[in-house]
Amino acid sequence: DDCVCPGGREWASVASKADSQEARVNRLAGRVEALAENLRAGGDRLSHYKSEFRELEFRVDELEGNGCEPRHFQCGGSAMECISDLLTCDGSPDCANGADEDSDVCHIPPIAGTLLVGHLNTDHDFCTKRKPNEFDLFISSVQRSSYFQSRLKVKGNLQIKYTAEGRDQEDVLQVKGYYNFGTHQLVILPPEDDRLGIVCNFRAGNDDRCRAHIVHEASLEHCGDDFVFVKEDDHH
């Protein structure tokens, strides 16, 4: 009875979801190809097309993967090539097409002075002690080591807003972490003894927001729902 067999109700549901996913990938792939043609043609809107092209490529990779193992960078181009993310933006091209040293890959989204604001759903938070409803992450320092250029050392302050005993509360924690050029990830290391950190995934071509989640340090298992950090332009 538990078999998902052709012709059965469960099979129809699975097949429908698979068809829907394939259709989404095909639509995105079509848009990527159209933008690639615009990039080849050049024109006044080249930078706009390039940014949108990278955004769409990222979305396709999210749906079907990019063919690389975890902690690897997809070089792109006509031939499949993957390199360790430790080799990205280290000052020496390792991809055959030099993509790992491209300025779009190696630019820095979380510059010093950046404020990222995220709103969290407390209903599914079963592991934090405060059950925060808002994170305000202020990046105070970004440093790049000459001997380890593929990572940026990041320091900042995390303002945690939550409700306790019927009142709005705020705590501020000093935090540190790193930015990984190869994966476009900002990682905030656990600031407290609960060993919960934050991982935030930027999309190539979009520095204004990143998809974030609280994670257990040991397992990287997500704690509660994902949320979105949005860059605040004016936080004076």
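Glycine is no exception: its Cβ is also placed from the backbone N, Cα and C atoms.
In Swiss-Prot, Cys82 is paired through a disulphide bond with Cys68, chosen from Cys68, Cys106, Cys127. For Cys106, the disulfide partner named by Swiss-Prot from the candidate list Cys89, Cys95 is Cys89. The Cβ of Cys82 has fewer other Cβ atoms within 10 Å than any other of the disulfide-bonded residues Cys68, Cys75, Cys82, Cys95. For Cys89 (disulfide bond), the number of other Cβ atoms no farther than 10 Å from its own Cβ, over all displayed protein chains, is 23. Counting every protein chain shown, the number of other Cβ atoms lying within 10 Å of the Cβ of Cys106 (disulfide bond) is 16. Each residue contributes its Cα atom, and for Cys75 (disulfide bond) and Cys89 (disulfide bond) those atoms are 12 Å apart. Comparing CA positions across the disulfide-bonded residues Cys89, Cys95, Cys106, the one lying closest to Cys68 (disulfide bond) turns out to be Cys95.
With respect to Cys95 (disulfide bond), the closest of these disulfide-bonded residues in Cα terms is Cys82, chosen from Cys82, Cys89, Cys106.
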